[in-house]
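Worksheet: the structure to be examined is printed underneath.
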Amino acid sequence: MRTVKVYEEAWPLHTPFVISRGSRSEATVVVVEIEEEGIKGTGECTPYPRYGESVASVMAQIMTVVNDLEAGMSRETLQQALPAGAARNAIDCALWSLEKQQNRVAQEALPASVTTAQTVVIGEPEQMAASAKALCEAGAQLLKVKLDDRLISERMVAIRAAAPQATLIVDANESWKSEGLAARCQLLADLGVAMLEQPLPAGDDAALSLFIHPLPICADESCHTRESLPALKGRYEMVNIKLDKTGGLTEALALAREAREQGFALMLGCMLCTSRAISAALPLVNQVSYADLDGPTWLAVDVTPALRFTTGTLYL
């Protein structure tokens, strides 16, 4: 017989996390614990308002299947019982965690370390440039630059000057419009930016098929599960896989496999979260072109035990 616990945690950030949608000062997560015969599996999710989620709605969703979980619900059954999203993610990852400790699934072979993007949040050009310079001096090789629709040239020119050797990727978080998009992409390409993530609102992707991309464009908000892929063909070159979007590792692995078969490159991302959430996503790290897993590094204090990060590197 299993027992299930569901609870909320709030983790203060050491620095405000500012993107085009606003600023956050803490990471609020929902945790699921599933215990069976003295062995406990744990999963974590980050409810995301952009997808209509709140702590209350996610916890309510989880509670609808608690009785089934305690009766032995499998990961396969879970995929049909709940839609993709944060609630299913926490449960799915708790089940993976439980199965690994019960030796019912193979332990993945992981590299000794992974290069992770370090995020440069939105600010004035000189602030962003100073942040980029400091991150590179501390060891970062890959910077993810958050932008909205203001001061794009000023910010990016300043950042490139401050971090001439860094690999830069840009994330606009759906804040741009189709007008002038091709010119903005060319500007980024001319500055040596390696990839642009989700420039347009999800649903407005058609404009991406109207010009030749001078740099790869990655779908984030437009890509949740395998069902998203048909609409992305001819519009994106890459997809960003996040377990909170796919509804857990089970669908994330399936999405990765199908996306690669269809010719998409892969990025592995995360929400603001603890090391628990990053640990759950690690089976994907060998498949991706970019890992953006710095969520826990924004926390004032991480969960115990925590993964070990230095600036730009995650050690496994």
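Any Cβ shown, glycine's included, is placed from N, Cα and C.
Any TrEMBL annotation is an automated prediction that lacks curation.
Not measured: the values here are computed from a predicted model.
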Among Glu154, Glu197, Glu237, which is the one TrEMBL gives for the Mg(2+) site where Asp171, Asp220 also bind? Glu197
How do the residues of the domain 'Mandelate racemase/muconate lactonizing enzyme C-terminal' (125-218) split into helix, strand and coil according to DSSP? 40 helix, 15 strand, 39 coil
Based on Cα distances to Lys146 (active site, proton acceptor), point out the closest of the recorded positions Asp171, Glu197, Asp220, Lys242. Asp171
Near Lys242 (active site, proton acceptor), how many other Cβ atoms are within 10 Å of its Cβ? 24
If one measures from the C-alpha of Glu197 (Mg(2+) binding site) to the C-alpha of Lys242 (active site, proton acceptor), what distance in angstrom results, rounded to a whole number? 14
Fewest other Cβ within 10 angstroms of its own Cβ, chosen from the binding-site residues Glu197, Asp220: Asp220
Other residues with Cβ within 8 Å of the Cβ centroid of Asp171, Glu197, Asp220 at the Mg(2+) site? Lys144, Ile169, Val170, Ala172, Asn173, Leu196, Gln198, Cys218, Glu221, Asn240, Gly269
Are there any residues in the same chain, six or more apart in sequence, whose C-beta is under 8 angstroms from the C-beta of Asp171 (Mg(2+) binding site), and if so which? Ile19, Lys144, Val145, Lys146, Leu147, Leu196, Glu197, Gln198, Asp220
